[in-house]
Structure formats: structure tokens, C-alpha cells
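Peer 1: I have a structure here, written as C-alpha cells, and I will follow up with some questions on it.
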Amino acid sequence: MRAEKRWHILLSMILLLITSSQCMDSKEVKESERKTLLNLILQVIGEKPASRRVTSGLYSVSQDAKFSSRENTAHLPKPDNSRPIEIVPRDTSMKDKFIEHFTAGPVKFPSECRTHFHRIYHNTRDCSRPTYYKRCARLLTRLAMSPLCTQS
């Protein structure tokens with residue numbers, strides 16, 4: 001039963017490849033659109049491992065992944081419609097402004113909680129990326145109301 005399914009799948013793929021190449025031979029198709037289904041499939045397969053993105057720090061940088069000996073190492077050019085990476089300088093006090101807005105004022109910590117505050121404020125993802133500033137404000141208010149910080 002499995003062999004029959006494999007033959008059906010194989011025959012349908014071959015049929016699709018043949019019909020797509022014959023369809024593209026018509027006179028109505030422009031030269032720029034003249035790609036067979038096989039070329040499109042190879043392009044998609046070739047782009048997936050090569051277009052992995054690695055995020056380091058604040059900016060994302062595209063880097064080619066290391067390929068094993070079994071993977072295809074074909075490097076295809078990127079399409080022209082890919083957007084360039086924009087580097088926007090950030091205001092250093094922007095984080096403080098957002099957190100003051102979300103916490104409805106400045107958050108004050110006693111000396112016992114300063115180390116916890118600095119760990120959260122400077123070393124977590126929530127307080128280092130602008131998209132997570134609301135989470136950071138929530139974490140800091142929970143820390144300010146925790147029993148450890150309210151004991152003094």
C-alpha cells in the first residue's frame with residue numbers, strides 16, 4: 001500500500017513538473033516570468049538554510065548558517081525586493097520615560113532591593129528592548145511591592 005502511495009506522489013510530481021514547463025512555453029508569458037516549477041522549488045529550498053537570521057544585541061544581522069556535508073550548499077542571490085536593515089539611533093532616556101509612564105511615576109527602591117532592581121533593569125530582555133518596556137514596568141512594580149522590598 002505504501003509503495004502505491006509513493007508511486008502516486010512521484011507520478012503527480014513528475015506530471016506537475018512537465019505541465020508547468022509546457023505551460024511556460026506559451027507566447028503570452030514574459031521572459032522575466034519564465035521559470036519552471038522545478039526552478040522555483042530549488043530556489044525555495046536553497047533560500048531556507050541560507051536566510052537564517054541571527055540577532056545579536058539590538059540589531060539583527062543575516063549570517064549564512066554552517067552547512068553539514070549532506071545539505072546542499074547552493075548560494076542563490078537574494079530577491080531585489082528585500083528590505084535593507086535600518087539602524088536608528090535610540091534616545092538613552094527613552095527607557096526611563098516609558099517605564100515612568102507605565103508605572104505612573106518614578107519607582108523608588110530601598111537599598112535592600114537595589115541589586116535586584118539593577119539585575120532586572122540592566123540584564124533582562126524585558127528592560128532592554130523597546131517592545132518589552134511594558135513588561136519591564138510590570139516586573140519593577142511587582143519587585144517594589146514584594147515583601148523583600150517592603151520590609152524596611
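For all residues, glycine too, the Cβ spot is worked out from N, Cα and C.
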Peer 1: Taking CYS113 as one end of a disulfide recorded in Swiss-Prot, give the other end from among CYS23, CYS149.
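Peer 2: Among CYS23, CYS149, the cysteine that Swiss-Prot links to CYS113 by a disulfide bond is CYS149.
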Peer 1: According to the record in Swiss-Prot, which candidate from CYS23, CYS127 pairs with CYS136 in a disulphide?
Peer 2: CYS127
Peer 1: Name the residues of the same chain, 6+ apart in sequence, whose Cβ is under 8 Å from the Cβ of CYS149 (disulfide bond)?
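Peer 2: Looking at Cβ-Cβ distances below 8 Å from CYS149 (disulfide bond), excluding near sequence neighbours, one finds PHE109, PRO110, GLU112, CYS113, HIS116, LEU143.
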Peer 1: Counting across all protein chains shown, how many other Cβ atoms sit within 10 Å of the Cβ of CYS113 (disulfide bond)?
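Peer 2: The answer is 20.
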Peer 1: According to DSSP, folded down to helix, strand and coil, what is CYS136 (disulfide bond)?
Peer 2: helix
Peer 1: Counting other Cβ atoms within 10 Å of each residue's Cβ, which of the disulfide-bonded residues CYS127, CYS136 comes out lowest?
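Peer 2: Comparing Cβ neighbour counts within 10 Å for the disulfide-bonded residues CYS127, CYS136 gives CYS127.
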Peer 1: Once the DSSP letters are reduced so that anything not helix or strand counts as coil, what is CYS113 (disulfide bond)?
Peer 2: helix
